[in-house]
Amino acid sequence: MFNRFVRFVAYRPGWVLAMHAALGLFFAAQMVDIRTLAPRLRIQTEAEKVLPAGGEYREFYSHFQDLFGSYEMVFVGVVGADAITPEGLRLIRRLTWRFGQIDGVRRVLSLSNAPGVRSDQDGVMIAPAFDEAPEDAEELARIRSRILGDPMHVGNLVSSDGQATVLLVYPEEMSELEFRRRGIDQEIERVAREEVGDRARVLVVGNPTLKAVIGRIVLRDVALLLPLGFVFMALIACYSFRSARGVAVPLLSIIVAQLWTAGAMVLFDRSLNLVTFVVPILTNAVAFAYSVHVVSEHDHALRKGNLGGDAASLALKQVAFPVFLTAITTAAGFLSLCASRLPAIREFGAFCVVGVLSSLVASLTLAPAILSLTGRRRPSGTESEESRIERLASRVAAFDLRHRRVLLLAGAAVTVLAVVGVTRIQVSTSFVANLPPSHPVREASDAFDRELGGCTSFHVVVETDSRDAFKQPENLEELRSLQIWLDSQPEVGKTTSFADYLMVVNRAFHDGDPDYFSIPERKQTISQFLFFLWSDGLKDLVTTDYSAAHIMVRGRSVNSEGINSFIDRVEARLRELPEPFVGHITGDTVLVGRTMDEIAWGQAVSLSGAILIIFVILLAYFRSFRIALLALIPNTLPVTVYFGTLGLTGVTLNPLTSLIACVVLGIAVDDTIHFMVRFREKADELGDESQAVIAALRSVARPVTSTTAALCAGFLVLAASGLRQMVEFSVLASCMLVFAWLVDVTFTPALCARLGVASKAPGPEREAGSG
């Protein structure tokens, strides 16, 4: 059956190309909406994709949203000018009105419209802090006193010294894609800068803004970096093969694999996100690597005098089995990522499998078919280049044989050092920290942390099973005690609760006497206050049946390790609440912090699964438990060194860097298998393992080196990304692939020669040799 497949591909290339054209048209049709010609592959950066799909934290967050609604907002800070002046108050009114006119904004909250408690000769009322900006100094002083004396305003809408004000802009319910498409964050910033001018600094931050900015960076990266990677691979192919055929075949294989993979994403209604964005880069690299092995073997066949279909047939028979085996093991490595609890990582694993298998099909069908049509004469000007590479490979192989013991000991020493580094790994995620320090949104976030108490939201909810529980003074005192404790935490900039409101009302009913800035002593008094002075803003702080209360917490940006430390302390404090209170901390920030455990757990499961699957595949090929186990060593060594590097350099394990281990394992096994298959074939042919090491390394040196260079180029283009984690991914992945290449040209040959991989167990050498 295999021989029939080879004959069909090599001698019926027209049929193969026709089938690829039909499939290409099918997948291209999936990529574009026929009616509007709009692309159907979406790019989304929702935090949802890198958060656990279920679990107690997710479930309670949904419950919290049912109770108190959504808290997606854009923070607009105006810093560096006194907000409580006639000019400052007029500015706040203008900004509030203009923000409210922006298409897609449903609500704006500022000092000009936020309900507050006011008392005058007519009594106590709920109204904004001011009606019009006064010119009278005495009235202005009263407004200043009213604003700065209201804990519902200070720290939320104005700084304690009045030198900064904050406006909260609430977008309508819409997708992150729609928010970014409308440019709502950009319009908010444009309006703010137009109104404020040079009088003060403008800071625009918040989750919607952050996601929109990251989405635009990803869009730019896709448009720029994918073509750039394509160009780099073309240059490497040109240098390696010095022929139009040697450049065109790998690039056409890449195009086919990319089209199939992207088409599959559309068919399954999936989008590119902060993690799956790497899939096209990886598909570029894998498709190039597989097709280069085919082109390299085809050149060997041409130099031996074979032409046309004969050369394509011989090349396909020689490389089909090792390419197939490497693709299956690589796919197995990525398939293990589907065990992750994070949707983005599951999708990354699944579509990497599609990309690898698409690359396999393109390399074993499209590539030899094109070579069959174009390989009508021997390559010119390549023999001296080939001899130089082979001579260098021979010298490296001789070095490996002479120093095999030293190389194996060096591998063991590196492993020990890496294990030390593994113990120092830090797991962390932060969306804001993903931006470079000089990015305006990152700078605005840092400024909010320093000057306005932060823009990171936490939500503490205290529930009971009885109505009117939070009309009871003793329960409100418990809530107030919890709030005071939260205020004492270093991560917290400001807290607001239902208790604050009642304390302000109580003081207002006693002519502003500070001694009455406390919770009323009687339930009846509290009920009367709420009956006469109910405000819709209280729905954010207490349920309508008064059985659950919400403490709004604004904190400073910290990484997920710091977030988790804070969450742990809060949860310990909530466990101290007396019955019948039950407390929870929730919010997007909490979910992000708790992904650390999911990342660590997913890394352990996916790597274990990948290693087990690869071991089973190697065992099926080598038919020896011992040899299959030894074959794992060169593949797991780069993975161990990678984790050690994380620990020793301080780079954190995050959703993106957690992928590198499986990427390195899945790709490193390719070169190892190519060498070992060729080594066993040569050992069987020559009857001498030392000579087999030299012959095998000479045979695979050029394709292995070319593919490593291409893989590194493919990943290094990500170093031009605007996202810090993408840059870390790029550099680390490239460094680990270079290390894996060094292992395969030094450590692996030494291991094979030292431990007798070829002679100790039977194996399908003939099968490998014939495809």
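Positions of Cβ are set from backbone N, Cα and C atoms, glycine also.
Here is what TrEMBL records for this protein:
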- 222-241: transmembrane segment (TRANSMEM)
- 248-268: transmembrane segment (TRANSMEM)
- 251-373: domain 'SSD' (DOMAIN)
- 274-295: transmembrane segment (TRANSMEM)
- 319-342: transmembrane segment (TRANSMEM)
- 348-371: transmembrane segment (TRANSMEM)
- 406-427: transmembrane segment (TRANSMEM)
- 599-622: transmembrane segment (TRANSMEM)
- 627-754: domain 'SSD' (DOMAIN)
- 629-650: transmembrane segment (TRANSMEM)
- 700-723: transmembrane segment (TRANSMEM)
- 729-752: transmembrane segment (TRANSMEM)
Three or more CB pairs closer than 8 Å, sequence separation of 6 or more: does that hold for the transmembrane segment (629-650) against the transmembrane segment (406-427)? yes
Rank 248-268, 274-295, 319-342, 599-622 by Cβ pairs under 8 Å to the transmembrane segment (700-723) and hand me the top one. 274-295
Considering the transmembrane segment (406-427), which listed stretch of 248-268, 319-342, 348-371, 599-622, 729-752 counts the most C-beta pairs under 8 Å: 729-752
With the transmembrane segment (348-371) as the reference, find which of 222-241, 248-268, 274-295, 319-342, 599-622 contributes the most Cβ pairs under 8 Å. 274-295
Cβ pairs under 8 Å with the transmembrane segment (319-342): which stretch of 222-241, 248-268, 274-295, 599-622 has the most? 599-622
Mind checking which residues reach the transmembrane segment (274-295)? Cβ under 8 Å, same chain, six or more beyond either end. 43, 45, 49-50, 214, 218, 221-222, 225-226, 229-230, 233, 237, 240-241, 245-246, 249-250, 253-254, 256-258, 261-262, 265, 315-316, 319, 322-323, 326-327, 330, 344-345, 347-348, 351-352, 355-356, 358-360, 362-364, 367-368, 371, 434, 655-656, 659, 663, 667, 670, 674, 703, 706-707, 710-711, 714-715, 717-718, 723, 725-726, 729
Grab the pLDDT values for the domain 'SSD' (627-754) and give me their mean, rounded. 85
By DSSP assignment, list the helix, strand and coil residue numbers for the domain 'SSD' (251-373), in that order. 106 helix, 1 strand, 16 coil
